[in-house]
Amino acid sequence: MFPSRRKPAAYPREAGGSRRLLAALPRKCSVFRLVFAALLLGLVSLLWLQLSCSGDVARGGGGAEAPESRASPPDDPSWGPHRLALLVPFRERFEELLAFVPHMHRFLSRQRIRHRIFVLNQADRYRFNRASLINVGFLESGNDTDYIAMHDVDLLPRNEGLDYGFPEAGPFHVASPELHPLYHYKTYVGGILLLTKQHYEMCNGMSNRFWGWGREDDEFYRRIKGAGLQLFRPSGIKTGYKTFQHLHDPAWRKRDQKRIATQKQEQFKVDRDGGLNNVRYRIESRTMLSVAGAPCTVLNILLDCNTSETPWCMFS
């Protein structure tokens with residue numbers, strides 16, 4: 001007759017009960033039973049960890065837009081009457097996006113600025129077109145926003161003195177040349193630029209002819225001047241080139257700086273006909289996301305290109 005065996009104790013719900021489990025096993029149990037118990041304990045621990053943690057990113061269904069999480073109390077007058085549409089041109093820069101959305105949501109909330117963050121994801125086969133994406137974001141941002149920020153995803157404001165308020169007097173260049181970590185020429189208006197929707201329409205938006213990296217903001221500077229608008233920049237900011245955190249690593253993510261066909265000759269011309277009036281696109285999907293508790297709207301955008309007019313829109 002073999003001696004009777006005690007009934008094993010129930011497995012604990014968490015990893016901290018491993019000692020109780022081992023104590024419940026007989027001293028002369030086989031190596032097989034020990035390995036089996038250890039594996040089962042590991043699976044129980046992993047299951048407990050999975051159930052105890054919740055992801056930061058929540059996704060809504062494609063197509064119809066889900067109700068947006070409020071960026072500000074709707075009845076609090078201290079937040080002011082205006083609402084900003086933060087337009088973020090985007091393609092395959094997820095590491096920057098995960099840092100950008102919660103940072104900007106907190107930054108704007110501390111300034112009591114009502115806002116919506118629009119991630120303008122270019123989902124087509126063409127080269128990146130920052131200007132066209134901003135035009136699309138402007139058209140799709142809705143009537144509940146009355147001014148926009150053209151905002152690079154890799155540029156985070158550090159100084160709380162930077163003003164993202166309603167730029168009633170004229171376009172306000174937040175990332176001015178004396179503050180931007182890379183670009184310091186006096187006609188630079190890239191990085192972060194605020195405009196009322198009325199002023200953006202006066203410029204007919206941005207030119208759609210700029211495929212690949214660069215030059216679209218230089219052409220937009222000429223549009224601002226051509227519309228008779230005065231450009232404003234921050235004052236009293238003493239943090240210099242440390243005012244912003246620049247997330248872009250050129251060794252890891254190279255820019256598309258190729259100049260194809262006649263693109264090099266055309267890039268310095270002023271596009272007097274194109275802009276908001278002729279941007280061609282289709283919204284593939286509209287999705288609400290929450291990144292670390294910060295709400296944003298992702299637009300998957302399919303741009304269209306007339307290859308006879310701008311053959312440099314294609315990858316070669």
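Glycine is no exception: its Cβ is also placed from the backbone N, Cα and C atoms.
TrEMBL labels come from automatic prediction, so no person has curated them.
Annotated features in TrEMBL:
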- 81-161: domain 'Galactosyltransferase N-terminal' (DOMAIN)
- 171-246: domain 'Galactosyltransferase C-terminal' (DOMAIN)
Self-check item: DSSP residue counts for the domain 'Galactosyltransferase C-terminal' (171-246), split into helix, strand and coil
Solution: 20 helix, 11 strand, 45 coil
Exercise. With DSSP as the reference, give the number of residues of the domain 'Galactosyltransferase N-terminal' (81-161) in helix, strand and coil.
Key: 28 helix, 25 strand, 28 coil
